[in-house]
Structure formats: structure tokens, C-alpha cells
There are 4 protein chains.
Amino acid sequence: MSDSIKRVVLAYSGGLDTSVILKWLQVSYNCEVVTFTADLGQGEELEPARKKAQMMGVPEEHIYIDDLREEFVRDFVFPMMRANARYEGDYLLGTSIARPLISKRLIEIAHETGADAIAHGATGKGNDQVRFELSAYALDPEIKIIAPWREWDLGSRTALIEWAEKHQIPVPKDKRGESPFSTDANLLHTSSEGKVLEDPWEETPDYVYSRTVNPEDAPDTPEYIEIGFEKGDGVSLNGAAMSPATLLTALNELGRKHGIGRLDLVENRFVGMKSRGMYETPGGEIYARAHRGIEQITLDRGAAHLKDELMPKYAELIYNGFWFSPEREMLQAAIDHSQGSVGGTVRLKLYKGMASVVGRKSPNSLYSERHVTFEDDAGAYDQKDAEGFIKLNALRLKLLAKQGR
Amino acid sequence: MSDSIKRVVLAYSGGLDTSVILKWLQVSYNCEVVTFTADLGQGEELEPARKKAQMMGVPEEHIYIDDLREEFVRDFVFPMMRANARYEGDYLLGTSIARPLISKRLIEIAHETGADAIAHGATGKGNDQVRFELSAYALDPEIKIIAPWREWDLGSRTALIEWAEKHQIPVPKDKRGESPFSTDANLLHTSSEGKVLEDPWEETPDYVYSRTVNPEDAPDTPEYIEIGFEKGDGVSLNGAAMSPATLLTALNELGRKHGIGRLDLVENRFVGMKSRGMYETPGGEIYARAHRGIEQITLDRGAAHLKDELMPKYAELIYNGFWFSPEREMLQAAIDHSQGSVGGTVRLKLYKGMASVVGRKSPNSLYSERHVTFEDDAGAYDQKDAEGFIKLNALRLKLLAKQGR
Amino acid sequence: MSDSIKRVVLAYSGGLDTSVILKWLQVSYNCEVVTFTADLGQGEELEPARKKAQMMGVPEEHIYIDDLREEFVRDFVFPMMRANARYEGDYLLGTSIARPLISKRLIEIAHETGADAIAHGATGKGNDQVRFELSAYALDPEIKIIAPWREWDLGSRTALIEWAEKHQIPVPKDKRGESPFSTDANLLHTSSEGKVLEDPWEETPDYVYSRTVNPEDAPDTPEYIEIGFEKGDGVSLNGAAMSPATLLTALNELGRKHGIGRLDLVENRFVGMKSRGMYETPGGEIYARAHRGIEQITLDRGAAHLKDELMPKYAELIYNGFWFSPEREMLQAAIDHSQGSVGGTVRLKLYKGMASVVGRKSPNSLYSERHVTFEDDAGAYDQKDAEGFIKLNALRLKLLAKQGR
Amino acid sequence: MSDSIKRVVLAYSGGLDTSVILKWLQVSYNCEVVTFTADLGQGEELEPARKKAQMMGVPEEHIYIDDLREEFVRDFVFPMMRANARYEGDYLLGTSIARPLISKRLIEIAHETGADAIAHGATGKGNDQVRFELSAYALDPEIKIIAPWREWDLGSRTALIEWAEKHQIPVPKDKRGESPFSTDANLLHTSSEGKVLEDPWEETPDYVYSRTVNPEDAPDTPEYIEIGFEKGDGVSLNGAAMSPATLLTALNELGRKHGIGRLDLVENRFVGMKSRGMYETPGGEIYARAHRGIEQITLDRGAAHLKDELMPKYAELIYNGFWFSPEREMLQAAIDHSQGSVGGTVRLKLYKGMASVVGRKSPNSLYSERHVTFEDDAGAYDQKDAEGFIKLNALRLKLLAKQGR
């Protein structure tokens, strides 16, 4: 706390933890706090956050509450989905992709309000601190960053609650006992970690899930939907044009109903440890499968395979917090270049936890029934070409074999 | 047909197509034919193949019928599964991985019987011709290969059946009409292509599936199973030790019952066209998810991410027919090196088409509850370390930002 | 020769081989021939080609002679140099990069003249046929391509010369004996293959080199030069602004004088065999080193390492003839995205075969003397940050070590 | 300094800096110091180090002086050379590759002497601290590490010298003025950084070089040498069998004489800043070129291209200090797998700074003069195969073109 801070922008949810942080910043740094509360589609009322900030003396003009849902989906989720990004084979990066947007707004607000620092409520063990801070430093190299969880001595929940009470911060009744797990939510996903999830052998209890019904309780009849794509991005559902956030919201509702997008994962954090998480990405899972579906008929093999090779690195960059980095932008440029003709319609079947592509069509389709048919192809393809193709592909292998290798 | 062939080993299924080929080789090349019929777990009687070969004059000592199931799973499927290989994001390579083994036996039998050629029944449009022939050339650079579908003028099914009848080859009744689609089967999967599947917008009709029940008809109650792993390979089911083929067979039965492993895909063939396939990989899908599950707690991040980066290339090599190539072997060496401690037990929930990892445990687990806990970690991890970690990761981004970039 | 061809555009050098092809096309296909002769900086007179074409009855309006030097360097060589592309570690792709441009013009001229085919003089063993034809098919999928070397029966030089004489094609005296090797030349490089070079143990004789002095005969005093860059491309030499082709021409002269850019290589052809080539890339070698030099201070590490990882694939694509492919364009998009700030000046020392970067400066430099100094850095860098950085990078390794792994 | 340390093993060169550290450890930690001095071929007398350690009270049995030259070259340099590793296109990793070996011995000695800590003299700004410490933690996760440059307050050279004099540590006369630059040396290379090199626009002054003559002063006559390889490693020079360290020593002498292996580089450090270094790797440069030369004729294309693709990551891992990591070992397994037939002889020309491969031969050569010849190849290669090869490679590009893409 050696640096003198005059004004700090806090990523403020309105919950207990960030309320304690708000007060703690005022008390410890003796500085003004600007609060920033983002609507990323987490599904919570934001006005209570305003009230609480006011109660703690934050002036009205320093309370920022922004609806970022469209920007979030359009400029962050969809570009990432163009890459078919899944971290470690499965995770759709729901938390990772929200952090750079929050940092971007924190820095913008810092510049608007003349603040010299930002603060966030992420712990020192996780990935989110890294994501917040790398993004912030990339956007403003002079910004100061306060991460109270790495600084203060409120090492346990009991200490935190005592401190809250001592400073007249209202503590909701259900927070008095230990929270059974920690969650993050936005329009793309809800994640849960910790507590009952800490033993990776124990099945995630059903009460941890909040965004999807249990597949066993989902409808017994499949539902078919059609998603329209243009230039690699979803633009319609069942024929109705939709904005990015509207589309994802609608897919979330479908996914919730059919129990789609649950994931139980042990993943590798950037800070070096493994953690077990539970993710619900109902609309995202449907969307991701649909995007692959439309690529199947519109994307050339060379482009598709290059994308598949680049994807793990791209996903790792987002997971590790390097959204605002030259290498992520380079990969994005390559990926975006491939998406110009990725348009058409994908038909999916939703049923008890599964979203399966069952049909795809496109004016840009590269699928040629005439070439592939087992029937007479009217000369589209000369089977004799295959012999030369195979022989030249085999040549180096033959030369090796002649060496007895 | 300029080269004179004395004796040819034919990959012989006993079905109509390869029976026509058998006769056609005898007639057109005036050569001896050795038949090789492999039991790869395709689930068909093989003795009828012996009968038919005998009927067409193949002497007993030139009729090879081999049970290759254990070799197939142990030396081909499992090594591939160690890599978590999926072609174009989804396909578990069930056909691709069987071809090199068949070629290997064809060449061995050619050497045993003094044959100078091999023959196969793959068409000139597909991948299998490439896989058969690249493998064969890699194992014997002097071998001659006859691919009748690229040579003869039996361009339609009608022509084929007429030719068969003219040459006294029995034509099963159900072959007289056009087969609705083409299939391949082995212990890992069944694939179907062509005919009713040729329009990628049309949903695959249920009658195409033969290895799995429709998820809608699967049990309404989930089933939990446990798969044991050692050194990256499955070794037990629900505590009972099993050989590779036995384990995969048992998983196939579980997958069939719960409707697991159906895949509808438009893929990019090596020969340059897109094709639409339907795959059923019931046991393979369960196994693949279980393998990722055990890796989650036993594989280091560096190893895991390197594997994820190498996987697309590895899968492409197998798909394209380069199993017997230095680069596939190099990648295998890297992958195998990573699997020494990949052992333990994975618990999965099987339910209506889904196989979900719900628990994993291992004596080699790298998951450290002590490090990851939100509670007091008794000094396992110093949160202050994160600040330096972030600052040095940010340094280059800050230097960029100072340049206004 | 089954297809009937009405008019064909021939890539025509004016030399003996393509003159024979010109006549052979007229005779064998009974079709009109349009000739296209490109000035790519190969350093030969092009008017003789016009004369010869006229002599063989090509009407004036069907003789195309184009100066493509600026387009070649600006749109092909420089974009490739942005990637630091070297095939198999060394080869600067001088022939590979010229082929797509020639194909592009062949197709344009085919469209202008209503021709239905193109023809080229590349043999059936090399890479150039692949490069010409892949580019042509990518630009016009309906074009017919005639590759006489794969069709005719003039299998030896003697046969070719006899055929030429029989058809009144003048044969230069020095062509009567076997040419000692085969060459290709353009503004970027000269390559030689075959004959005296065919034994890879024998040193390339000095008379094979035509573009550079022997380093032993180069000046005994080093020469210093400065190349200016903007957005990843060279724009000036020793302070004088220059167009792309002018700059490369000037560097070629410098390289020639100092014996720079000789390369003796055994490389792997796309068609599956190894070949031994000798390359002279005097200006290109200097330019390539200068480009790396300016990137050293202006390119971020993340961008630089991503470029290094992508380079081998990018170089392979160009070598194999896939310039006009989605995946090459995707990689180019990524690479170009990185070059916006790659500007400044590089100082090189040229001396007896070597071009060494000895200095680089840039208004966009990311090199920070203040950070790197061993002296007091006035707080730019806190050495204590390194401890946390190392500890978190080590965490997963420690967890492994605790497992005895 | 909170942890109590009983005994620490110090990487001790005998120079001023590590002598100060030795004393400082005794004074500040009040602990026993074990010294470890490695002969890695740096070309300095090591007995003075023993004397100094004795003078500072280190008992004889706690003074370790080891000749590690053979182990260094055999187990570290050669395996790395098998990968053709160059960091950022140029740097042969001479310092990076020595650090893990030093750490390995530090840990072994710690275990032998019952020490609970190790110490090194690397600063907090560089890569070496990372390399030392990652290696040490990977080999002993419980080891404590003391990095005095990150701890003490001797922030300037003057302070260091004052402290030395105050504690009766002899200060060589030439150390009183500021050292003009910082160096590291071993059998593979000598590096220099800092001071006169800190401006990357200024040419490195000739007095910085210590291992090579200026190319301008090198012999005016080229020298030809032959290096023999087996299984990817050098085994002989001009026909005389040599151990790894003997071979590298001999090549160093040749490189020195001909001015080979000088490199002026601005590189990206792992800690996030750029630094300018000067490297001399005389024998290593020759060896690296020779290794590529022998691979040219003995390594299959698939293996060679995979190696080229993996190399940048492999080099980065070594540069960043991850020698003892699962992913480096995986890559090594892949690389080593490729080297079994990499044997034969390479002929090089050494002349004024350049080492050029001019010939290569091998009993395992994959180069086939019969295939590549422009003359009659007696049916080794059927040029007509190329047409099918090209047509199927073009098919997807044609399908794209038909879409107007």
C-alpha cells in the first residue's frame, strides 16, 4: 500500500465481497472509489448495487452501471466461437472471455473519471486476477491495480464477515454460513468451483446447477431448431433474425429446458495448479455445435485444418488472459479471414443434454453431391487420378522402405 | 493391366463386392488369388467367406481367416486413443485406424505365400484406397496393388450384379435393389455413407443405425460405470480386469444400450471432396471421454497442452493413411512418453446418448486440494507470488502499450 | 489429348524447350497458341521471344510480353519476406514464389483471348508443374492444362533436338551437347539443378554460379548499408527511397559483388523425392536478414514466436504450390497483422558471402534500455517480481516432482 | 530471509561476484556454504576458485569442482542439436542449455551434503535465474533457493566493491572500473551483454569478441573439413573418431580460426523485456550446419517438416528454462525417434565467417539419383502419376473457385 492512490475504479457486483472491498479501499487507501457494475447477462438485479454504493458514500456520478450484453456477445463471444475454441478439449471459456471486456470498461472509466487505479475482487490463486490485470496493463501501462485478496489479512470468510459487520456492511443471512461453492455468471455461462466440488472423485451435486434442468428432468421429446449464420456469426433462430445477445439468450432458454451444456472438468490453471470446476453453458454449447456444423459444408479443408491446429493455442491465450495481445489478434485475423463464406442454416436436435447437428445447408456449400456420389458422376471425378495421387504420396515412404526403415 | 501378376492377396469380406473382385482377378489377371478375411470385430460370421472362397477355387492353404481383434485394439485403437485423436473435431477414426492393420496382414500373407500383389475393394473416390495403399507401400515398396474399382468398367451396381450372375456368383436377394448406403464395421465403429445420406440437410433416418439404440429408446435411468487405466490404456471395467478387446466389447454393449456414440458429420476427404457420413462408436466414445477424464488429474499442463496442439496433425495423419510414416511414429513417441503416469479410475454416467465423466481418482493425481482450496492452505501457496507473475507476464504488453500499440 | 482444345496460352520463355512446345502444341493439338513471356527480372532479352513466336505464326495480338517485376516483388516476394519464410531451414523460395504470378497472368490472358487451355514447360518430376497447375485451377476451375513433358514421347534431349530440327526450330549451338544443368531465374534468385549437381557429395563447381562472385573473389573490405522499412516492407536503401523492385535490384547488385546468398541444398520435393539444388539469392538473403533485424526491435515476443511457429507451414504451402489457397491467405492475414509497426532502419555489414545485421533503430522500438540496463533503472523493473514469476511457473513442476516424476 | 537456512550450495565461479555472494551468504544467513564450480569448458582455471573458497572458510569436503564437459555436450548440447534448435531464428542457446546441468549438480550436491538450499549469482532481470530455479524446483520441489541479487541492497557495482573490501574479499584491479559488459562462457559459446552493447544501433566493438578472430583477419584460403554422424550425433572429424566434448573442442578451434559463429542479436527475454546480446558459437555453428546437412539426405520429408514445425517451441522451452519439463521431454522423444538413421559424412567449407555444407553422403541416404535425374530413369518414376496427384490436390481449390471464392 505504499503507493498513494487518489481514485480507484472498482469492479463492483454489489455482493458482500466487493462491498467489503469497496469499504476496505476507502478505509485503507483513503481514496475515492468509483464503482462499475456490468450487466453481462448474469441475471441479477443491478439496482441494489447502486443503492449499496450510494450507502457507502459513492457519489451518483461515480456509480457506473452498464448493459454490456450486446458488446459482450458481438465482440467477444462470437469472435471466439468463430475459432471453435475449447480449452483443454472441452471448456467453452465462459469466464475467461468476459474478463477483458470488464477490464476494458474499468480502464475507460478510469480515464473518464481521472482515476489512477482499478481494483477487482479476484483471489490470488485463480486465473481471473491474471485476466483482469493483463488486459488492464495492455490498455493502460501506467494504471495501478489493487487486488485486495492479495493484500489484506482477511484470510478466511469469518474474518471477512467480522470486518463487514464492524464496518456496517449488511451481511445477508445466507452468507453467514460458508458458501458451499463460488460462482461466476454471465450470458455465456455459469461456473462453480470450490467446497463440495473440491474432491474430483465426487459427483457434482445437482443443487450446484442453476442454469439447466437435469437431463433426466428434460422433455421426453426432442426439439428441432434451426440457426442461421452469416460470415461465421449466428444471425437467426428458426428463421427469425436476432441480434447476438438476443440469439444467445434464446439459445440459453432452449439449453436450460433440455439440460444442455453441463460440464464437469478438472482443468489446469495458468498459475500452475489444477482445479475442478462445474460449468453450465446451455446456449453456448448449442451455438458451438451449430458453428462447427455450418463450417462442415462451407469451410475448405485447408482452412478447417489450419483452424483446428491453431485452436488450442488460441483457447489457451484467452484462458490465460491474453485477449489484448498481438498474438491473439494475429490468430483472430487468420480465423476471421476464413469466415467470409461461413453462412447458411444448421438444424439441430435438442434432447436430454445433447445438441446434435442433424442437417446443414448453405448457398456457399462446398459439398458436391455430384463428386461424392457412388452413382454415375458424369465425369466430375476421374477415379484413375487417385492412382497417381497415391503413388506420389507413397514415394517417400517407398524410398524409406527400400532402406529397410 | 499391363503387369503380369502371378498371385494376389485379396482383402476378402465374403460379401458380394469382394466376391466379384475375387472372380474378376481370376478372370482378368489369370492369376491365383489368396483370400484374407479379418475378424476385426465387425460382428459377422467369417466361415461363409471360407465357403465362398472354396467355391471359387481358392485352395484351403490360401484362405486366411484371422482373428485380429486384440491386436487391433491393443496396437492401433489404444495408441490412437492415447492421443485423444478426433478428426475435424469429432470423428474417432474408426475406419481409418483399421486399414493399416489390414494392409500389414496383406503384406505378411503376400510374403508367406510368395504373392507379388495385393488387392482391395475400396473405390477410387474414397480415403480407404489411400490408407490401404500407403500402408502397403510403406511395408513393401515392391508390392503391386490392384484396385479393381479404379480399373474395371463395372461402373454401376447393375453392371456389377449382371457380371456376378454371368460368372455364377450368388447374389443375395437384398442386394438386387440398390443398397441404400455403404457401411464399414469393426470393433471400434460402424460407418455409413452414400445414398439416403447424400443430402447433408436431411436427417439420418433411424434405420441407418445398427450399433446403438435411439437415445429416445434408451433406459430412463442413468447407469454409472468405472473404467480403470494404466499407462494411458484402459485395463478394467467396474473393477474387473479386461484385455483391450474385451474392454472395448463390453463398452460397446454399454454404449449400444444407452444410445451413445452416434455422429452425423460432413467431413473433408483426403482426395479433396466433402462427404457426409454417419458413425456409431458406442464403446469408443465412452472410452475417449474416460481417457480425457483420467488425464485431467494425472497429466501435467505442459504435456496436456502439447498433446492438444499435436492432436489435429496426428488425427489427420491417421485419417489420410500415414499410420506407417516417420512423422506419425514421432508423434506417437511424444504422446506415449506422456502416458507413463496416466493411471487411475474414471467414473462415468451413461444416459440417453451421453457419456459424462463425473469422477476421477488416481494414485498419481497432480490435483492438490491443499493448493486449490479457498480455505486456509497452510502455506502451500503464497498469493503474493501472483503479483510478480502477472507483472512479468504483462511487461511486454505494457511496453507495447507505451508505444500506443 | 482426347479433349479438343481451341486456343492455349503458353508460358513462353523463347528458349529451345518452350519453342518446341509451341510448335508441338500447334502440331499435336491443331490449336492456336497464345504466347506469354514475363519479365520477372531474369535478366534476359525478351524481344527475341517475340521474334520466335512470330516466326512460328503467332499473330501479334497473341504475343504477350509483360514486365511484372514490380508486381512480383510487391505482391509476392515482400509478403513472403514478412513471414521470414525459409523452406527446410534455408531455401528462400525464389522459384516457388514466381509460379503463382505466372499462372495468374496465364489465366488472365486466357480470359482475355478466349483460350480454353494453358500450357507450361515444367517436367513431370518437379514442383513447378504442381505450382503452375494448382494456381491455375484455383483461379479458373474449368481451365484445361497441357503439360507436354508429361504427354509427349520426347523423353530425352536428343529426341527433343531431333524433333526441333525436323520442325524447323532453330537449335542454338550450345544446346546440342547436353546442358550441364537446368536453371530458373528471376529478380529474387537463380536456381540450378541436375547434371553436375546430381551427386550431393560433389561440391558445386564454380561455373554453375552466375549471379554472385565467389566469396573468395569478393572485396577484402566490408561494405556497410542501411535498409529502411515501413510496415514490414523495405522502402529505402542508404536513405534513398526505392520501389520494391528497385530496392531488390540494388540489393542484388550488392549481393553479387560480395558473394552473398549462395546455397547448396538437398531438399524434399512435394512429389516425394529428394533433389539437390544450388541457389543464388543475393539481394534476397540481405533483405531477409534485414527484415529479421528490424523485427528484433519492433515486434512483440508473442507475435514473433507465433510467426516463428507458423513459418514452416507457410513456407511449405508456398513451396508446394498453395499460394492461392485459403490457408495461405489465413496465415498471411495473421502475418500482415503483425507488421504494422515493423518500421525503422537496419544496418548491415556485407563481407565475403555474409550479410550481418550490426545495428537497428526504430521510432517504434520496443527495446527499452531503461528496463534492461544492469545499472540503476529508476524503478522501471522490480527484481522482486521475478520471484513470484518463477514460483508460479515452477508450481506444476514441483507438483510433478512431489509425485516422483 | 525469514526462512532459516542451515547449509547452502552455491554455484561458484571464483570470480568477484560469486565471492561476494559466498561471504554474503555466510554473513546474512549465518549458514554453511558449499561451493560448486563446474568445468563446462569456459576456459578458465578452476583451482583459484578452490583457493578462494578455502580462504573464506569453506572446508575441503564442501568444495566441489567437477569436469562436466563430456556430460554437457553428450546429454545437453547434442540432444538439442538433434532438434536444429535456434531461438528466434538464430540463437544457438549456448547459455540456456548449460543452466539445467548446473542446477542438476547443485541439487545432487545438496542431497550429498545435506544442504537445504542452493544459491546462484544470476540477476533478477535475466533469464538465468528462471532457468536455474525451474530446473532446481523440478528436481527437488522442497529445495530453498537464494538469489542474492533479488534480495540484497548492493544495487550498484560500487556498492558491491565497497562491500567486498569491507569483508576482505580481494578485488581484482580490472574490476574496479565498471566492467564494459557481462559475459558467460562454456564449451558451446560465449555471450556478452550490457554496457557498450546496450544501444542496438551501435555495432559491437571488436574487443567484445574473445572466441573468434574477426572474419577480416581469418585465413584467405578456405579450409575443408568432414564431420561424421551416427544416430544424429557427431562422432568424428576428418575421419578421426572423437568423443562429444573432444569434437566440439576441435570444431571450436576451427571456428575460432575462421571467424565463424558471431551473432549480434536483439532477443526477447522470458521476463518480458528485449535485450541485445553478442554471441560467439564457433564450433556450435559449424556443427549445427553439418547436422542439417546430414539430415538433408537421411531424414524423410515428413519427419523433417514435423521437426521444423516443433523446433520453435522446443527452442523456446530451453530458452525459458523448461529443460526438465514433460513437454520438452515429449518433444525430445519425437526428435530422437527421427534420428536413428541420421548418419554419414558432411563436408563443409570454412571461410571468413562462413561454414557452408558443400557435400554429404550416407549409407542411409534417401536421395535417389535414379528418381531425380533429368535423364532416362528406367521406369523409377512415372511422370503421368503427377497428373492425378495434382488433380486431387487441386480438387478442393476448384470447388472453392466454382463458388467464386
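Glycine is treated like the rest: Cβ placed from N, Cα and C.
Taken residue by residue with DSSP, B:Gly121 (ATP binding site) is part of neither helix nor strand, so it is coil. The Cβ of B:Gly121 (ATP binding site) lies under 8 Å from the Cβ of B:Ala11, B:Ser13, B:Asp17, B:Thr18, B:Ile21, B:Pro148, B:Trp149, each of these being in the same chain and 6 or more residues away along the sequence. Among the features that TrEMBL reports, ATP binding site is placed at B:Ala11, B:Tyr12, B:Ser13, B:Gly14, B:Gly15, B:Leu16, B:Asp17, B:Thr18, B:Ser19, B:Ala38, B:Gly121.
Summarising the annotation, TrEMBL assigns L-citrulline binding site to B:Tyr91, B:Ser96, B:Asn127, B:Arg131, B:Ser182, B:Ser191, B:Glu267, B:Tyr279. According to DSSP, B:Ser191 (L-citrulline binding site) is assigned to a strand segment.
Residues or ranges marked as L-aspartate binding site in TrEMBL: B:Thr123, B:Asn127, B:Asp128. Mapped onto three states, the DSSP output places B:Asn127 (L-citrulline binding site) in coil. B:Asn127 (L-citrulline binding site) counts 20 other C-beta atoms within 10 Å of its own C-beta, drawing on all protein chains shown.
Annotation comment: TrEMBL describes B:7-170 as domain 'Arginosuccinate synthase-like N-terminal'.
The domain 'Arginosuccinate synthase C-terminal' feature in TrEMBL is assigned to B:181-399.
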Query raised in the report: Which of the binding-site residues B:Gly15, B:Ser19, B:Thr123, B:Asp128 has its Cα nearest to the Cα of B:Tyr91 (L-citrulline binding site)?
Result: B:Asp128
Report task. Whole-number Å only: compute the distance from the Cα of B:Tyr279 (L-citrulline binding site) to the Cα of B:Asp128 (L-aspartate binding site). Result -> 16
Report summary line: Same-chain residues at least 6 apart in sequence with Cβ under 8 Å of the Cβ of B:Arg131 (L-citrulline binding site), in sequence order, are B:Ser96, B:Arg99, B:Pro100, B:Ser103, B:Asn320, B:Gly321, B:Trp323
Requested in this report: Work through the binding-site residues one by one (B:Gly15, B:Ser19, B:Thr123) and name whichever has its CA nearest to the CA of B:Glu267 (L-citrulline binding site).
Outcome: B:Thr123
Report task. Specify the nearest of the binding-site residues B:Gly15, B:Ser19, B:Ser182, B:Ser191 to B:Thr123 (L-aspartate binding site), where nearness means the distance between Cα atoms. Result -> B:Ser182
Requested in this report: Could you measure between B:Ser182 (L-citrulline binding site) and B:Ser19 (ATP binding site) for me? Cα positions, answer in whole angstrom.
Outcome: 16
Query raised in the report: Using a Cβ-Cβ cut-off under 8 angstroms and a sequence gap of six or more, which residues of the chain neighbour B:Asp128 (L-aspartate binding site)?
Result: B:Thr95, B:Arg99, B:His120, B:Ala122, B:Asp184
Query - Most Cβ neighbours inside 10 Å, all chains, among the binding-site residues B:Ser19, B:Ser96 - result: B:Ser96
Report summary line: Minimal Cβ count within 10 Å, across the binding-site residues B:Tyr91, B:Tyr279, points to B:Tyr91
Query raised in the report: Under a three-state reduction of DSSP output, how is B:Ser13 (ATP binding site) classified: helix, strand, or coil?
Result: coil
Report task. Inside 10 Å of the Cβ of B:Glu267 (L-citrulline binding site), count up the other Cβ atoms and send me the figure. Result -> 22
Query raised in the report: Quick one: largest C-alpha distance among B:Ala11, B:Tyr12, B:Ser13, B:Gly14, B:Gly15, B:Leu16, B:Asp17, B:Thr18, B:Ser19, B:Ala38, B:Gly121, binding ATP per the record, in angstrom?
Result: 16
Report summary line: Densest Cβ environment (other Cβ within 10 Å) across the binding-site residues B:Ser182, B:Ser191 belongs to B:Ser191
Report task. Could you check the binding-site residues B:Gly121, B:Thr123, B:Asn127, B:Glu267, B:Tyr279 and tell me which sit with their Cβ under 8 Å of a chain A Cβ? Result -> B:Thr123, B:Glu267
